[in-house]
Amino acid sequence: SRRFPQAIIVGVKKGGTRALLEFLRVHPGVRAVGAEPHFFDRCYEKGLRWYRSLMPRTLEGQITMEKTPSYFVTKEAPRRIYNMSRDTKLIVVVRNPVTRAISDYTQTLSKNPAIPSFQALAFKNLSTGLIDTSWSAVRIGIYAKHLDNWLQYFPLSKFLFVSGERLVSDPAGEMGRVQDFLGLKRVVTDKHFYFNETKGFPCLKKPEGGSKPRCLGKSKGRPHPKIDVQVVQRLREFYRPFNMKFYQMTGQDFGWD
């Protein structure tokens, strides 16, 4: 039958959410929607019945999942998810907000090469070094602020914070934590991964007698444009207090500073 998701990957954009979902789909206990439904941010007026109709059919004991990374920064999303079910497990994949912002910019640039430079968008005023927090690429990385909004509805125990960096450097280790959090047997282990040198991140080995190995698409692992060292330094300083607050809130040091 189709059920509401018991677990949702709610964030963050350019953090590694697609990789996490693809790795999870290897697990026989997980059934997930392929495309991002964007229900709790863009399509809420279509109603919960419509939302459930998007879900894959599951057997007893299987977990239904979806991922829409923009939920994490959507003000109404926590309340809306809470109203669907206060037992929903929430997964947030985070990575260094500076690299995340650059990756975000790189993605936009590939679709629209005419956009202004990274530093023109990142600063309100370059000479004073004032950061423009209204630019979404910058705003998304202020994780502590967004998490505050979620904690008004869900206790910390409903969250798992996945390190986007460790998802690359130690996919099996990070996947172990995710499977434990979801109450699943640790089926996805290091035997499922190999490191793809060209792309610079892990890919799934081909299943027994299955098709070719599964790597994420061309849009993943794009080379980033060169950005002035001082711009990067200024952004690091800007994010540091927010990162520290985030480490305190989650009880996890992600090692970005």
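A Cβ is built for glycine as well, from the same backbone N, Cα and C atoms used for every other residue.
What TrEMBL says about a protein is an automatic prediction, not a curated fact.
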**Report entry** Of the candidates Cys43, Cys215, the one sharing a disulfide with Cys203 in TrEMBL
**Finding:** Cys215
Query raised in the report: Around Pro223 (3'-phosphoadenylyl sulfate binding site), how many other C-beta atoms are within 10 angstroms of its C-beta?
Result: 7
**Report entry** Cys203 (disulfide bond) CB neighbourhood, other CB atoms within 10 A
**Finding:** 19
Query raised in the report: Which is it, of Gly16, Gly221: the one of these binding-site residues whose Cβ has the most other Cβ atoms within 10 Å?
Result: Gly16
